[in-house]
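J.: Relevant sequence annotations retrieved from TrEMBL are reproduced here:
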| type | residues | note |
| --- | --- | --- |
| DOMAIN | B:120-326 | domain 'ABC transmembrane type-1' |
| TRANSMEM | B:30-51 | transmembrane segment |
| TRANSMEM | B:124-148 | transmembrane segment |
| TRANSMEM | B:160-187 | transmembrane segment |
| TRANSMEM | B:207-226 | transmembrane segment |
| TRANSMEM | B:261-287 | transmembrane segment |
| TRANSMEM | B:307-326 | transmembrane segment |
Amino acid sequence: MLAPVVTSALVISLAAACSSGSSEKKGASTGGTLRVGVVASTISTLDAYANLRSQDFYVRNATMFEPLAHRKKDGGYEWALATGITHNDDNTEWTVKLRPNVKFHDGSTFGADDVIAVFQRVLDKKNALIERNYIDFMDPKGISKVDDLTVKFKLPKPYGPFEFAVTNSNIIFYKKDSKPEQAMGTGPFQLVSFSPGRETLVKRFDGYWGEKPKVDQVKIISFKTAEASTNALIGRQIDASSNILQTSLRTIEKTPGLKIMKSDVNLKVSIGMRADTEPFKDVRVRQAMRLIMNRKLALSNAFDGLGELANDHSGFNRCLPAVPQREQNLEEAKKLLADAGKSNLSINLETAANKPGMLQLVQILAEEAKKIGVTIKVQKMELGAYLEKWGERVFYTGYDTRPYLEGVPEIISNDAVLNHTHWNDAEFKSLAAKLYATSDPQEQCEIEKQMKKIEYERGASILTATNPTVSVYSSKVNGLIPEFPSGNLYDFRKVTIDQ
Amino acid sequence: MAIETTTTDGAVKAAPTPDRSRRTALAWLIARRALMGLVTLWCISVIVFVATQTMPGDVAKIILGPSATADQVAQLNKNLGLDQPLFSQYWDWLRNVLTGNMGNSLVSGQPVSELLSERIFNSATLTVMAMVLILPLSLLVGLLAAVFRDKLLDRSYLGVSLIVTATPDFVLGSLVVALFGTVVFKVLPPVSLIPPGDAPWQHPQELVMPLAVMVLVGVTYLSRLVRVSFIDVMESEYVQLAMLKGLSMRRILFRHALPNALAPSIPAASIMAAYTIAGSVVIEYLFAYPGIGSALVDAVAGHDLPMIQAIIMLMAAAFFCFNQLADVLGTLNKSR
């Protein structure tokens with residue numbers, strides 16, 4: 001009984017303590033070293049396209065490398081290494097204009113050859129890179145150099161959201177033929193030293209084409225756990241981190257000199273139901289499970305009140321369908337199960353509990369299900385074992401941080417690993433085909449709304465809440481901004497430190 | 001036991017030239033022990049290899065995550081050489097090790113020796129510093145507890161040591177962090193951040209908490225052995241006689257009791273050192289200390305076989321050496 005009261009108090013106090021998404025402050029001094037804490041693996045590498053990726057990989061890459069453009073919240077782009085992208089009428093030929101006078105950290109000039117080399121590497125199946133999934137509509141042979149600052153992409157078939165695909169924040173550019181350990185990028189910081197799993201030190205790159213960073217150096221310090229990162233923040237051993245133990249937020253709030261920053265919501269912890277297998281083959285059973293979930297309770301108790309209610313469709317706060325917020329309705333759920341002949345359903349739910357709140361979420365579902373005679377047995381598994389049968393599991397947990405356009409290809413894929421719910425909806429697929437054929441953002445948005453409505457009505461995931469990334473930083477640090485869409489602290493160009 | 005038999009045998013066989021015979025026996029003993037050590041390490045390498053193969057989960061799937069297609073997983077397994085037969089994988093690893101090459105990390109592709117060299121130094125430093133503190137403190141605490149046997153001091157000590165021994169290292173460490181680092185006093189750095197390239201002793205503040213936990217655990221175990229040894233010696237006839245003769249307590253304790261009480265504790269100290277190496281995995285993980293223990297946790301999570309093999313072999317070798325030392329010291333003590 002005490003838990004909701006405590007949680008409410010925590011939510012209110014956190015809301016008061018949280019800044020409004022950035023740590024801007026006028027008149028701060030320049031220089032100094034910013035110490036950023038990340039949870040990382042001992043066995044990370046400097047390669048911009050390393051296979052193993054923990055938080056240090058993303059923070060390090062964001063300081064030293066750049067994409068063609070940064071995506072913005074409103075769906076637009078802030079151009080980085082490109083200055084514009086044009087296309088022909090049927091969306092089969094796309095031309096990328098590159099920014100002139102961009103230098104690599106060794107002083108050499110960035111150009112079309114470097115862009116082509118990166119795309120060829122990503123598209124080469126032998127390299128087994130995840131980024132290939134975002135641009136597999138391309139033909140490697142169709143990429144050609146027009147001049148030093150222009151690259152042309154001839155596609156095998158029309159593809160509308162080309163700009164969206166090639167501006168993925170993980171598709172970043174390094175100098176052609178440079179060695180991975182050189183980390184030869186064009187970003188605002190350049191490499192000083194790297195010790196795997198311990199520390200990366202970067203310094204301001206004075207030849208940077210854009211607004212130069214104000215701090216002299218950024219030290220990216222790796223920790224094994226969020227507990228250690230949180231302790232280091234409280235102990236003043238680091239200045240900022242997005243890898244925080246959420247259960248420690250109350251202690252952090254009471255610690256003088258520390259501030260909390262929430263990003264926009266960017267994470268959905270999901271419960272998947274395999275739609276081609278009993279009992280979830282029947283849409284009534286899937287809908288019943290969605291109605292059993294007490295979303296408000298889950299948001300307050302599993303996610304510490306951080307975030308917003310979600311409505312059983314993927315994507316975040318853009319292009320939302322006109323459907324009511326789904327609420328718990330045990331009577332309706334019981335009726336649907338009875339209609340489907342599954343009144344006393346008993347089923348296992350497997351989870352790796354690899355995101356905050358995931359285990360608590362499924363436990364809440366199991367407890368609520370008991371009230372109408374449904375037995376859900378929660379099985380917590382080690383991550384390696386859990387992933388081994390990914391794509392085969394019937395009732396399971398997952399999470400999604402991707403924008404809608406990036407997530408849909410997996411939902412409609414024929415690959416069981418990608419389309420892990422095995423949900424095949426003809427109308428949804430037909431709309432997806434239209435979505436990827438048009439390059440008009442307005443039209444894309446309208447199609448997205450229809451697709452999300454279908455997910456809401458007959459999809460195969462329970463999406464309860466969307467959560468923000470919570471970062472904590474020293475009050476001496478100004479100018480930190482949560483990166484879009486990840487919400488993490490990746491952009492240190494505007495950071496100043498009070499000396 | 002082996003030394004005793006061999007020594008006896010050696011003395012009989014080499015009656016005409018006892019020194020030469022003893023040297024030969026000693027050389028044979030060392031060779032036999034070294035061979036046994038190598039066989040032990042080989043057995044461990046096979047066990048670790050088999051254990052990692054039976055661990056649930058596929059390395060490529062763990063590396064690439066749930067968004068990887070079956071093709072991508074298969075390609076990465078091929079790139080890593082994991083599509084080869086198990087025997088072939090093991091033979092490749094063993095052949096490299098025999099030529100002094102510990103191989104490359106499966107996950108990062110970097111040489112294992114490069115990834116571990118500084119971490120080995122850091123872990124060795126932490127263990128040596130802990131032992132340097134554990135040994136004299138155990139002696140002092142054990143001696144005081146024995147002298148004040150059944151008094152308040154002794155009872156309090158026994159109570160505390162029972163609680164410490166019963167508490168897992170992880171819990172004990174977390175309490176120490178909360179008490180001195182994050183919640184109550186905030187006087188010590190809660191995390192052991194040793195910058196790359198620096199020796200741990202250049203950052204004494206960062207060492208205080210991990211060392212304190214290791215020493216607390218070590219002293220409460222070893223000092224109880226010292227206490228029991230002292231009590232035995234203090235009750236022996238020759239100490240009772242010394243007391244009756246009116247010798248000072250200091251003279252009795254340090255001149256007569258100490259050498260005899262210490263002897264059984266020395267092998268225990270060697271075993272303690274071996275356990276300290278193994279126990280450092282938890283401590284390093286808890287305090288984010290950059291040693292081989294924290295690297296092992298990562299390697300196991302990532303199923304990075306060459307890294308796991310290298311770290312386990314190192315720990316096993318150290319464990320074996322300390323056990324042999326305990327064996328030798330125990331035998332020497334028995335002979336004496």
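If you go along the chain as it appears here, the first residue is 1 and each next one adds 1.
Even glycines carry a Cβ here, placed using N, Cα and C.
As the structure is a computational prediction, the values presented were derived from the model and not from experiment.
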J.: Count the CB pairs under 8 A between the transmembrane segment (B:207-226) and each of B:30-51, B:124-148, B:160-187, B:261-287, then give me the winner.
T.: B:124-148
J.: Which residues, given as numbers and ranges, are at least 6 beyond the ends of the transmembrane segment (B:30-51) yet have a Cβ under 8 Å from it?
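T.: Apart from its flanks, the transmembrane segment (B:30-51) reaches 2, 86, 90, 93-94, 97, 305, 308-309, 312-313, 316-317, 320-321, 324.
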J.: Near the transmembrane segment (B:124-148), which same-chain residues lie under 8 Å Cβ to Cβ, leaving out any that are not at least 6 residues past its ends?
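T.: That would be 154, 157-158, 199-201, 207, 210-211, 214-215, 218-219, 222-227, 229-231, 234, 249, 253, 258, 261-262, 265, 269, 272-273, 276-277, 280, 283-284, 289, 291.
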J.: Take the transmembrane segment (B:160-187) and find every residue of the same chain, 6 or more past its ends, with a Cβ under 8 Å from one of its Cβ atoms.
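T.: For the transmembrane segment (B:160-187), the nonlocal Cβ contacts are 209-210, 212-213, 216-217, 220-221, 223-224, 279, 282-283, 286-287.
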